[in-house]
């Protein structure tokens, strides 16, 4: 239970724990309309490769077997759409996001891609999911967990809503582990991304927060321990693109 005076980080700032969600909501309200474009620009398109790797790991059934995916912090629908296109007719995805602006963009994209019969959008909080116990075959979260104020609560909720045998997959920015690349990555992150955000979205501060939040996120081994503590078994991870991102996996057995 939260205590008076409890704090957490919002980028490099310490803020009251209860304030972080409101601050994060403001970030994504400001950038929702250009979020997908900025992902392409910031990563030179690599985010598409990383998300495709997530879907390869997910490996949804290609036949009519029913398969229910919960994509949390899925906003504009990238993961859910990729999974739907890779899966068979029994696939259904629920995109859950706390930000209605992101969900609105995602719903419009689903209609344009003729995927609205397979992908639905629900406003909700990762820490208190409004879904029944053991109701999903898989849970994905891509570039969202670091924005959650209470990560341990979100992980416990992920475990709760998964069926036995269900899989948890988390794609998140990580720690660059290639000498030389780390300095280039830091320079690009702090000197290029915020001005780029200002030029494309009119908002540099939101992207300053996003690059700072990456540096505050636990290293892969520490995050793996958090996943285990939530009850998951067979926890593994792989780093991609020299450690720019990590893909964590766990199972509810």
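Glycine is treated like the rest: Cβ placed from N, Cα and C.
Since this is a predicted model, take the numbers as computed values, not measurements.
Some features that Swiss-Prot has for this protein:
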- 76, 97, 125, 126: S-adenosyl-L-methionine binding site (BINDING)
Say we define neighbours as other CB atoms within 10 Å of the CB. Which of the binding-site residues 97, 125 has the fewest?
125
Give the sequence-ordered list of residues that share a chain with residue 126 (S-adenosyl-L-methionine binding site), lie 6 or more positions from it, and have CB atoms under 8 Å from its CB.
72, 73, 96, 98, 141, 144, 145, 148, 153, 154, 157
Tell me, how many other CB atoms lie within 10 A of the CB of residue 76 (S-adenosyl-L-methionine binding site), whichever protein chain they belong to?
26
Which of the three DSSP-derived classes (helix, strand, coil) applies to residue 76 (S-adenosyl-L-methionine binding site)?
coil
DSSP-derived structure type at residue 97 (S-adenosyl-L-methionine binding site), helix or strand or else coil:
strand
